[in-house]
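Here's what TrEMBL has on this protein:
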- 26-45: transmembrane segment (TRANSMEM)
- 39-285: domain 'G-protein coupled receptors family 1 profile' (DOMAIN)
- 57-76: transmembrane segment (TRANSMEM)
- 96-118: transmembrane segment (TRANSMEM)
- 138-156: transmembrane segment (TRANSMEM)
- 191-223: transmembrane segment (TRANSMEM)
- 235-257: transmembrane segment (TRANSMEM)
- 269-287: transmembrane segment (TRANSMEM)
Amino acid sequence: MENTSCVKEFILLGLSENQRVEKICFVIFLFFYMIIVAGNLLIVITVISSQRLNSPMYFFLSYLSFVDICYSSVIAPKMIADFLAENKTISFVGCIAQLFGVHFFGCTEIFILTVMAYDRYIAICRPLHYTTLMTRRVCGRMVIGSWVGGFLHSAVQTLLTTQLPFCGPNKIDHYFCDVHPLLQLACTDTYAVGVIVVANSGMITLSCFFILVVSYIVILVSLKSQTSEGQRKALSTCGSHITVVILFFGPCTFIYIRPSSNLSEDKSVAVFYTVITPMLNPLIYTLRNEEVKSAMRKLWSRTV
């Protein structure tokens with residue numbers, strides 16, 4: 001990767017320029033990040049160590065938790081350190097690496113959430129064929145496909161950005177390096193690149209969201225023919241996933257399917273899908289799931 005522009009580093013303005021607010025944010029977001037790592041790591045360890053949690057749903061959940069850890073770790077440590085730093089600088093290479101990581105893990109999470117919706121559709125609407133359709137091999141291919149899709153999306157976003165010249169100013173009105181803030185700093189007309197970026201992100205986000213909506217419409221329709229106990233169990237397993245989808249897709253859709261016009265507003269919304277959702281995912285999936293809670297209790301008793 002060669003930087004042909006004269007800018008060698010960027011300055012991240014962060015969430016606030018008030019030192020008192022930044023110190024408060026340091027404590028809050030450090031606490032949030034510790035919960036993200038501990039909560040999601042606990043889910044990964046629980047699924048791997050428990051023989052009862054060997055269904056495709058938990059297989060995908062463990063990968064979702066792993067992606068959440070990686071996704072937040074690309075952003076949160078730098079953001080937390082910058083709350084106490086006088087010079088919030090990041091090198092050009094570091095900025096591009098962060099941009100790649102954000103889109104790689106973010107897009108992978110979108111695909112895994114979509115795969116999880118397909119899994120729930122097969123489990124509820126075609127239960128007799130579930131074991132033959134959702135084999136370990138098929139699930140593995142779906143996860144690999146999610147990683148490959150995330151990589152291809154991120155590669156396009158990163159390559160488009162690295163081709164732009166940056167001659168100054170170098171202040172990014174955000175707390176991490178993203179495409180839209182960098183496009184506003186480029187010393188050239190970025191209209192065409194902006195259209196490609198929005199089309200790329202928008203196509204993935206909207207197509208996956210469409211699949212998710214269709215899946216759950218079909219699931220809700222099929223539940224009419226089931227018993228009240230079957231409806232309760234199905235809605236319980238789907239409810240957690242729907243909650244996560246809304247929390248993650250809502251802010252993502254707001255940011256990436258339109259040209260950015262207000263970066264201050266964008267970075268406030270970005271907190272939801274970069275920090276809040278990864279932090280809430282473990283709570284959402286464990287509080288509503290007796291099997292996961294039971295497996296965690298057994299893991300804790302074995303550890304003690």
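Here the Cβ of each residue, glycine as well, is placed from N, Cα and C on the backbone.
Counting Cβ pairs under 8 Å that are 6 or more residues apart, the transmembrane segment (191-223) and the transmembrane segment (96-118) reach 3 or more and are in contact. Counting only same-chain residues 6+ beyond the ends of the transmembrane segment (138-156), those with a CB under 8 A from a CB of the stretch are 56, 59-60, 63, 100-112, 115, 118-119, 196, 200-201, 204.
If you look at the transmembrane segment (57-76), the same-chain residues 6 or more away from its ends with a CB under 8 A from one of its CBs are 29, 32-33, 36-37, 39-41, 43-44, 47-48, 98, 101-102, 105-106, 108-109, 112-113, 115-116, 119-120, 123, 136, 139, 142-143, 146, 175-176, 237, 274-275, 277-279, 281-282, 285, 291-292. Tertiary proximity for the transmembrane segment (269-287) is limited to same-chain residues at least six positions away from its ends with a CB under 8 Å from its CB atoms, namely 15, 29, 32-33, 35-36, 39-40, 42-43, 61, 64-65, 68-69, 71-72, 75-76, 102, 106, 174-176, 178, 240, 243-244, 247-248, 250-252, 254-255, 293, 296. Taken together, the residues of the domain 'G-protein coupled receptors family 1 profile' (39-285) have an average pLDDT of 87.
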